[in-house]
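S.K.: Right, I'll just put the structure down here and ask away after.
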Amino acid sequence: MTMVYSDNTSIITSAGGLMALLDEQERELQVHALLKIYEFIDQLWPEISDDVTKIEVMYEDHSFPERELAALVVSKVYYYLGEYDEALLFALSSGPKFLHDKNSDYKETLIFKCIDMFIHKSAELYKNPKADPLDERLSGVVEGIFQKCYAKNEWRHVLGIAIEAHRLDIIEYILNADKETDLKPYVLELAMTVVLDIEFRNRLLRLLLSSFLTETEPDYFSVGKCVVHLNDASVAAKLLMKLSSQNDDKSLLTAYQLAFDLEDSAPQEFLNSVMDLLPSPSVANSEEDANADSKKEDSSPCGYIIRILSGEQTVKYDREFLYAHNNTDMLILNRTKDSLEARNSVFHNAVTFANAFMNFGTSSDSFFRDNLSWLSKANNWSKFTATAALGVIHRGYYNQAMNILRPYLPEEDAPSSSTYSEGGAFYAMGLIHANHGRGVTEYLREQLKHTEDEIVQYGLLLGIGLTGMASRDETLYESVKTILFNDNAVAGSAAGISMGLIMLGTASSAAIDEMLQYAHETQHEKIIRGLGIGIALIVYGRQQEADGIIKELNNDLDPTLRYAGMFATALAYCGTSNSKIVRDVLHISVSDVNDDVRRAAVCALGFICFKDPNALISTVELLVDSYNPHVRYGSAIALGIACANSGSNAALDLLSRLVEDATDFVRQGAMIAQAMILTQHNDQLNSKVSGIRKHFEQVINEKHEDALAKLGATLAQGIIDAGGRNVTIALQTATGSLKLSAIVGLTVFLQYWYWFPLTHFMSLSFSPTALIGLDKNLNAPKFSFISNVRPKLFAYPPKSVQPTAKTVQKVETAVLSTTVKAQARAKRAEREKASKGSNDDEMKIDKKTTEEKEATPMEMDEEKSQDISINGNSKKEEPKSETLENFTRVVPAQLPYISFNLNGRYYPVRKFTGGVLMLIDRESDKAPDLIELNRDAVPASADTEPGEQEASPPEDFEYPFDDDD
């Protein structure tokens with residue numbers, strides 16, 4: 001029976017009569033009553049809700065002609081009652097009727113509810129295929145919504161739902177149907193930021209990878225991201241070989257650019273696997289070239305790619321840039337050294353760290369050379385950190401590492417003169433080769449076998465961890481574990497960290513289980529803390545896979561392991577801004593009974609939210625006023641991590657309250673955070689820079705300031721001017737991936753709270769900021785590009801000026817009153833004699849004096865007016881852009897303003913996002929004009945300008961340390 005809906009708009013004020021009609025036996029009367037109820041349901045629902053079961057019975061009666069209408073009425077009643085699940089259930093039973101309802105709020109609410117249920121049920125079905133199948137009515141509604149989006153080309157709306165619902169079939173359909181060039185990178189971004197399920201993410205990345213590779217011109221750089229996250233070295237190797245074997249320059253340059261991207265973002269184990277899969281230069285060459293010299297073999301495309309993946313090429317250009325543009329203000333360092341008592345080990349270490357950070361990668365050790373007497377005051381662990389500082393200063397000098405450290409390394413069959421220097425030298429070796437230890441790890445492992453001294457073992461273990469970072473080398477892991485089982489507190493703490501570094505990001509259950517078991521067995525807190533940090537490193541980036549161990553650590557009775565649980569959470573969910581994890585960490589930060597755990601919890605927020613610093617700022621805004629100083633310290637560090645290099649005024653405003661805190665270590669953390677935020681900033685970028693720098697100096701010079709605050713100020717001076725003012729703290733690579741070494745470096749650096757030598761790990765987070773353009777032969781041609789912004793905005797901060805010596809003014813001699821009277825009488829007598837002479841001379845003299853006095857202010861006014869006009873012209877003539885050359889500093893904030901000459905000889909193979917950039921040569925038939933690279937020879941003095949640096953290397957020197965007592 002076909003029913004016609006009434007258009008009668010008469011007002012009904014009560015539902016009693018209509019509800020009575022529902023009890024009639026006549027179907028027509030029931031349908032009529034139901035139509036009227038539906039027509040006025042928005043007003044009558046309170047009365048109807050009491051007898052809604054009556055209408056439900058009508059829906060369940062299969063013989064009732066308007067079952068769908070009954071379901072729709074029941075749905076709207078439940079909607080008004082706030083029972084949305086029941087409302088949706090009956091709405092789906094009403095067929096398409098609810099989609100045509102005139103109440104837009106009702107319709108939109110239930111559509112959103114449909115989508116939410118579709119996502120929930122689909123994701124559940126993906127994880128458990130045996131679960132109840134998806135309701136066809138629900139999928140029909142959602143499919144209808146999708147079809148409308150398809151018709152309007154609103155693909156992204158559907159993609160968001162499909163990714164959350166784990167529907168790979170829908171994603172694949174859209175990727176094949178749509179030809180938008182930016183859709184696949186969008187899905188890739190969602191996969192890396194939204195998807196937490198590792199297994200689904202990998203399947204999605206596989207789908208993306210195949211989709212990218214089927215394109216006529218694939219986005220190889222997005223492909224590179226996929227293979228790194230999939231840890232698929234074979235695909236990467238095949239791709240590099242395919243591109244490098246093609247005859248056109250663009251493909252070859254793309255291969256090199258992809259190799260640089262992989263080197264920047266992939267773990268060491270992945271890079272080693274790719275290099276092993278690539279043909280060696282000798283194999284790639286033909287048989288007649290087999291006897292050619294190694295230099296010729298290295299010039300093959302595969303040879304170049306292997307050198308790039310090994311890190312050799314990147315550090316070669318980085319050290320050239322850091323050497324040539326070293327802008328360290330040594331006067332700041334010398335003033336700090338003079339203000340702090342050298343015999344206090346805290347202050348000696350602080351100056352050592354500041355010097356290492358300021359000269360990171362520059363090879364400039366002039367501060368040590370010029371202050372040998374100060375250096376000789378180091379003792380015990382101060383010797384260790386001072387020797388290890390050479391590793392920070394000479395970071396990346398792989399080929400010269402042994403020569404630099406030979407004076408401090410043990411000689412065969414010779415007694416050790418200083419175990420602290422030896423341990424520091426091995427630590428320095430690791431810092432030089434951090435994350436690129438393929439050639440030195442075996443040497444360190446052999447040394448570990450032949451030493452039993454805990455201090456030397458400590459340096460060796462840290463060095464092995466640094467060189468074997470993310471290598472997943474089981475043999476190396478077992479060697480370190482042997483030292484752990486000796487149960488020595490000092491060496492054992494380093495062993496725990498080293499084991500975590502070697503197995504970084506593997507989530508190895510075997511490694512975690514045995515480390516956790518030993519942590520429960522040992523009585524040494526140092527070892528427990530080292531193992532805890534090691535476990536946190538193992539679950540780096542694993543997200544949901546790490547939930548089990550995180551829960552176990554967070555529920556442990558030992559506060560040291562709960563402390564480790566916070567860092568495990570931070571590293572597992574680093575950069576995700578996961579709201580559930582943030583809530584859990586915040587709860588622990590205010591509820592745990594241990595101050596160390598609470599401090600670590602707040603610090604963890606910085607790692608979790610560093611991709612969304614504004615969210616972090618709003619999260620910790622209340623925590624900076626906490627009654628607990630450890631929470632306040634953690635808030636400062638979290639701000640420093642999340643807002644590093646951003647110059648965020650909101651973060652600096654919060655920190656300005658903490659630098660005046662009553663607790664010394666809170667002030668320490670606040671100053672370190674300020675420095676992290678303001679790296680590579682000047683007064684033009686942020687007006688607070690000079691004031692903050694001055695505050696650091698005031699804290700250091702203040703005689704009665706607390707030692708911990710002075711330590712923080714000194715570290716801050718080193719961080720804000722790190723790498724000769726040419727590096728920044730970067731937790732992401734140029735392509736947007738997590739920067740493994742930087743995140744690990746900051747994590748271990750924060751353990752300086754317990755052990756000062758770990759402060760050197762901060763250097764792992766430093767990234768040089770330069771535009772380094774290379775041609776197809778990996779040479780650096782001379783070419784220019786434009787920075788479309790005022791030069792002053794991104795200029796180096798001005799260097800300090802040595803104050804000029806003040807001239808000593810003589811104090812006027814006191815004169816007795818009797819002497820004054822005698823002198824007055826003598827003057828009167830002289831005037832009486834002079835009055836007899838001519839008055840002409842007097843007039844001339846007076847006139848001349850008057851003229852001079854009148855002329856002077858006029859001249860000064862003229863000079864002032866000239867100065868004003870000159871200054872005014874200079875302001876008007878300040879250029880709005882500048883032309884820069886290859887190997888020039890380009891800070892991250894400057895990147896949006898960089899442009900290239902479209903008609904120039906060289907243009908980039910892709911958009912510049914920082915770091916190394918491959919250049920296509922439009923005039924490849926002409927010989928290029930190359931920049932001469934000379935950094936493999938000479939360490940430079942920081943006080944000399946790049947053009948004034950001498951060609952001859954400085955004489956070798958050795959630290960003036962006495963033998964250990």
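Any Cβ shown, glycine's included, is placed from N, Cα and C.
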S.K.: If I look at Swiss-Prot, which residue among Ser300, Ser952 would I find recorded as phosphoserine?
M.R.: Ser952
S.K.: So which residues does the repeat 'PC 4' (494-528) touch in its own chain, when a touch means Cβ under 8 Å and the partner is 6 or more beyond its ends?
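M.R.: Contacts with the repeat 'PC 4' (494-528): 267, 457-458, 461-462, 464-466, 468-473, 476-477, 480-481, 483-485, 487, 534-542, 545-546, 549, 552, 558, 560-561, 740, 744, 748, 751, 754-755.
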S.K.: Which range wins on Cβ pairs under 8 Å with the repeat 'PC 3' (459-493): 564-599, 600-632, 634-668, 669-699, 712-744?
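M.R.: Going through each listed stretch, the top one turns out to be 712-744.
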S.K.: Across the repeat 'PC 8' (634-668), what does the mean pLDDT come to, as a whole number?
M.R.: 95
S.K.: For the repeat 'PC 6' (564-599), which partner among 424-457, 669-699, 712-744 gives the most CB pairs under 8 Å?
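M.R.: Counting Cβ pairs under 8 Å, the winner is 712-744.
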S.K.: Given the repeat 'PC 10' (712-744), which of the listed stretches 424-457, 530-563, 669-699 has the most Cβ pairs that are under 8 Å apart from it?
M.R.: 669-699
S.K.: Can you work out which residues elsewhere in the same chain, 6+ from the ends of the repeat 'PC 2' (424-457), have a Cβ less than 8 Å from its Cβ atoms?
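M.R.: Beyond its ends, the repeat 'PC 2' (424-457) has Cβ neighbours at 268, 272, 310-311, 315, 383-392, 394-398, 401, 404-405, 408-410, 416, 463-471, 473, 476, 479-480, 483, 488, 490-491, 494, 740-741, 757, 760, 763-764.
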S.K.: Near the repeat 'PC 9' (669-699), which residues from the same chain, at least 6 beyond its ends, have a CB less than 8 A from one of its CBs?
M.R.: 332, 335-336, 632-634, 636-637, 639-641, 643-649, 651-652, 655, 658-659, 661, 705, 709-710, 712-720, 722, 725, 727-729, 769, 790, 792-797, 891-893
